[in-house]
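**Student:** Dumping the structure here so I can ask a few things about it.
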Amino acid sequence: MLNSAMSVVILAAGKGTRMYSDIPKVLHTLAGKPMVQHVIDAATKLGAAQVHLVYGHGGELLKQTLKDDKLNWVLQAEQLGTGHAMQQAAPFFSDDEDILMLYGDVPLISVETLQRLRDAKPQGGIGLLTVKLDDPSGYGRITRENGKVTGIVEHKDATDEQRQIQEINTGILIANGADLKRWLSKLTNNNAQGEYYITDIIALAYQEGREIAAVHPARISETDGVNNRLQLSRLERIYQAEQAEKLLLSGVMLRDPARFDLRGTLYCGMDVEIDANVIIEGYVTLGHRVKIGAGCIIKNSVIGDDCEISPYSVVEDAHLEAACTIGPFARLRPGAELLAGAHVGNFVEMKKARLGKGSKAGHLTYLGDAEIGDNVNIGAGTITCNYDGANKFKTVIGDDVFVGSDTQLVAPVTVGKGATIAAGTTVTRNVADNELVLSRVPQVHKQGWQRPVKKK
């Protein structure tokens, strides 16, 4: 039966010794964000009125990283078991709300599974998430009597007969706040580990005649926890395979789904093609018929219709209008903007710069803090000299300008419409419309000159 109010407790106090890291275990990333953030996001989407985060090791780093004003931080100074962790959070529970218990190192739990668990929770009882494993070694076993759940026995406390049970406890459960506080107050540490097990509340509820409803997740991987980097890497591949499958089924052509990483949110138009070893980070939008070449990294960017990004290009915090072409080996840094039909070629870098409609920067160029008009040609080796060691300055280039190769534009400087900058020129003053500008050292010819010969 579904109550109108629900809060979530996320257990995240473990040190994660087997990660061999100074970083708290739950802050290790999966798909580009901390494991615990995945769990917080699921709780938020589920409609949690309050999220209580039980922390211990690395608490300050957790707070600095998560920076969520809506979290209620609950300290577990000593790690004395899951029951003890829940006891620390219990004073914050309202009697008339449901409490859902989650884990910061179980990052793939889905909102859909949690919603089914919430819906299945009996009035006055417990909703319990369980799975069946071929090899349940090390897990708490679900005990039943006449089909009804009667309790959970931890592996170290189980008899040989109980160890044959394949249904195991995932640790995820939901119960009423008042009931949970009562059961938590009755927990003891009379077990092999000397800890307070949250699982003991199942037997307490059964003894009171309360119903325990067991629910299975859509996928077993949803309940897989992380204790070491190998397990984390396996969950990463599971997650990425699921994302790739969703994209393929929605019409996106991934040339090699096993070599695609989504570390954020991707919105795609029709007939998008993505080659191998592409990484998508943050919020990325790809318009219709966009093609992304192998080895590209796209982060927090909008790519317009019919754009093509050639292999090994990096695009970050950039905006491309329709029919732009990028790369190979191009880099668009934050603030780069390409208007329709613009081209940025190999080994070109842009930062806080706008390239106008139909304009081209073909090779070996740096455009920083620049505003470039339409139909401009930027020759190879052009550099906007935007930094004087203390401050940044802007370069403005009008429409229909031709900039020859190996040109330096020393900002602040403006080049008027239709101007031509000869190859090898250093521009230090403003250029008027339709002017030709050139600066070169005299060319010297020495007839009969002999090249030096190496001494033997």
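Heads up, the Cβ atoms here are built off N, Cα and C, so glycines get one too.
Quantities reported herein were computed from a predicted structural model and do not represent experimental measurements.
According to Swiss-Prot, the protein carries these features:
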type    : residues                                                                                            : note
REGION  : 1-229                                                                                               : region 'Pyrophosphorylase'
BINDING : 11-14, LYS25, GLN76, 81-82, 103-105, GLY140, GLU154, ASN169, ASN227, ARG333, LYS351, TYR366, ASN377 : UDP-N-acetyl-alpha-D-glucosamine binding site
BINDING : ASP105, ASN227                                                                                      : Mg(2+) binding site
REGION  : 230-250                                                                                             : region 'Linker'
REGION  : 251-456                                                                                             : region 'N-acetyltransferase'
BINDING : ALA380, ASN386, TYR387, SER405, ALA423, ARG440                                                      : acetyl-CoA binding site
**Student:** Which one, from the binding-site residues ASP105, GLU154, has the smallest tally of other C-beta atoms lying within 10 Å of its C-beta?
**Tutor:** GLU154
**Student:** Enter the number of other CB atoms within 10 angstroms of the CB of LEU11 (UDP-N-acetyl-alpha-D-glucosamine binding site).
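**Tutor:** Cβ-Cβ neighbours of LEU11 (UDP-N-acetyl-alpha-D-glucosamine binding site) within 10 Å number 29.
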**Student:** Of ASN227, ASN377, ASN386, SER405, the binding-site residues given in the record, which has the fewest other CB atoms within 10 A of its CB?
**Tutor:** ASN227
**Student:** Among GLY14, GLY81, GLY104, all listed as binding-site residues, which has the most CB atoms within 10 Å of its CB?
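**Tutor:** Of the binding-site residues GLY14, GLY81, GLY104, the most buried by Cβ count within 10 Å is GLY104.
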**Student:** Highest Cβ count within 10 Å among the binding-site residues ARG333, ARG440: which residue is it?
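**Tutor:** The residue with the densest Cβ neighbourhood is ARG333.
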**Student:** Whole-number answer please: how many Å between the C-alpha atoms of ARG440 (acetyl-CoA binding site) and GLU154 (UDP-N-acetyl-alpha-D-glucosamine binding site)?
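**Tutor:** About 83 Å separates the two Cα atoms.
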**Student:** ALA380, ALA423: which of these binding-site residues has the highest Cβ count within 10 Å of its own Cβ?
**Tutor:** ALA380
**Student:** Tell me the Cα distance separating ASN377 (UDP-N-acetyl-alpha-D-glucosamine binding site) from SER405 (acetyl-CoA binding site), rounded to the nearest angstrom.
**Tutor:** 10
**Student:** Around TYR387 (acetyl-CoA binding site), how many other C-beta atoms are within 10 angstroms of its C-beta?
**Tutor:** 12
**Student:** Quick one: which of these binding-site residues, LEU11, GLY14, ASN377, have their CA within 10 A of ASP105 (Mg(2+) binding site)?
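**Tutor:** Matched binding-site residues: LEU11, GLY14, sequence order.
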**Student:** Averaged over the whole of the region 'Linker' (230-250), what is the pLDDT?
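**Tutor:** Per the prediction, mean pLDDT sits at 98 for the region 'Linker' (230-250).
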**Student:** So of all those binding-site residues, LEU11, GLU154, ARG333, ASN377, ASN386, which one's Cα sits nearest to ASN227 (Mg(2+) binding site)?
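**Tutor:** The answer is LEU11.
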**Student:** Please find, for ALA380, ASN386, TYR387, SER405, ALA423, ARG440 as listed binding acetyl-CoA, the greatest distance between any two Cα atoms, in Å.
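**Tutor:** The widest Cα-Cα gap among those binding residues is 23 Å.
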**Student:** Count up the helix, strand and coil residues in the region 'Linker' (230-250) according to DSSP, in that order.
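**Tutor:** Taking the region 'Linker' (230-250) as a whole: 20 helix, 0 strand, 1 coil.
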